[in-house]
Amino acid sequence: MEFISQFLEMLLAERALSKNSILSYKRDLFDFQNYLAKQRLSELNITTENVRDWIEYLASNDLQARSINRKISTIKSYYEFLISENHTAFNPVLNVDLPKYQNKLPEILSIDQIKSLLEYCSQDNSPEGIRLNAMIHLLYASGLRVSELVSLKLTDILTNKTSKGEVRKIFSVLGKGNKERVIVINEQAVISIAKYLAIRDVFVNKAKPKNLIYLFPSSALAGYMTRQNFAILLKSAALYANLNPEHISPHILRHSFASHLLEGGADLRVIQGLLGHADISTTQIYTHLQTNHLKKALLHHPLNKN
């Protein structure tokens, strides 16, 4: 496990990965080590065939090809590190074929579904309802990753024009790889956040100074609402808004934000910047989504009817 600790320290220092990415690497490596232990194998003496057996083992446990590929990528990077540190001379993952998978188009909500969700949330005037309304408005208005949303600080979104501050329409957020990007939000989001700020103190635990700095403070260890808690609240709101909670998640709201922008004529490069995608190919998935919608729309063309 010593080598794993060294590898994770290197990732943190040199690649500026997020905590969630580091945890993902750690889980993959520990799972791999547990498999090797059960097979009575040493990480420094395994063969490519051993790695192929491990991949078959993962597939036999119904792990999706995309997840298997991520694990393979983690282990490959780990062995590259071991070689660079002279712990071994051989990367057993180098000549392993990656399982093939189909790119699944992202699931999105229709604009009417978004409106239904926001309409329900805006009617709940309890402190919890006002907070959730602000969070959903902000997420759909900005396309933030859920980890970015819940960990926003007051200073990220407030100006210093007044003693209490005013809600910014434009602010910056630190995303994946510590890359800063500009976020623009609409007037409805500004209003919902301002309404929430008026009751925010309800959620502040003054005994825990750590949570004072966050926009959405919580008694959770990090000082802000957890991603999991927000996802649960979102699904609960969907249920009350007569929407299927199985088809609603923070990430689906992010997908909906991007897809609706594209539908409205926004440039793909602009959407890439707003989402914080390093590679335009990641954003291009939304063009395939639009093509799918167009094909479905064409089914209603009069010449397509018998």
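Note that the numbers count up from 1, one per residue, in the order the chain is shown.
The backbone N, Cα and C atoms fix where each Cβ goes, glycine too.
Since this is a predicted model, take the numbers as computed values, not measurements.
According to Swiss-Prot, the features are:
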DOMAIN    1-83  domain 'Core-binding (CB)'
DOMAIN    104-299  domain 'Tyr recombinase'
ACT_SITE  Arg145  active site
ACT_SITE  Lys176  active site
ACT_SITE  His251  active site
ACT_SITE  Arg254  active site
ACT_SITE  His277  active site
ACT_SITE  Tyr286  active site, O-(3'-phospho-DNA)-tyrosine intermediate
Alpha-carbon spacing, His251 (active site) to Lys176 (active site), which is rounded to whole Å: 15
Densest Cβ neighbourhood among Arg145, Lys176 (active-site residues), 10 Å radius: Arg145
Whole-number Å value for how far Tyr286 (active site, O-(3'-phospho-DNA)-tyrosine intermediate) lies from His277 (active site) (Cα to Cα): 13
Nearest of the active-site residues (Lys176, Arg254, Tyr286) to Arg145 (active site), judged by Cα-Cα distance: Arg254
Same-chain residues at least 6 apart in sequence whose Cβ lies under 8 Å from Tyr286 (active site, O-(3'-phospho-DNA)-tyrosine intermediate): Pro106, His255, Ala258, Ser259, Leu262, Leu268, Ile271
Largest tally of Cβ atoms lying within 10 Å of a Cβ, found at which of the active-site residues Arg254, His277: Arg254
Helix, strand and coil totals (DSSP H, G, I; E, B; other) for the domain 'Core-binding (CB)' (1-83): 65 helix, 0 strand, 18 coil
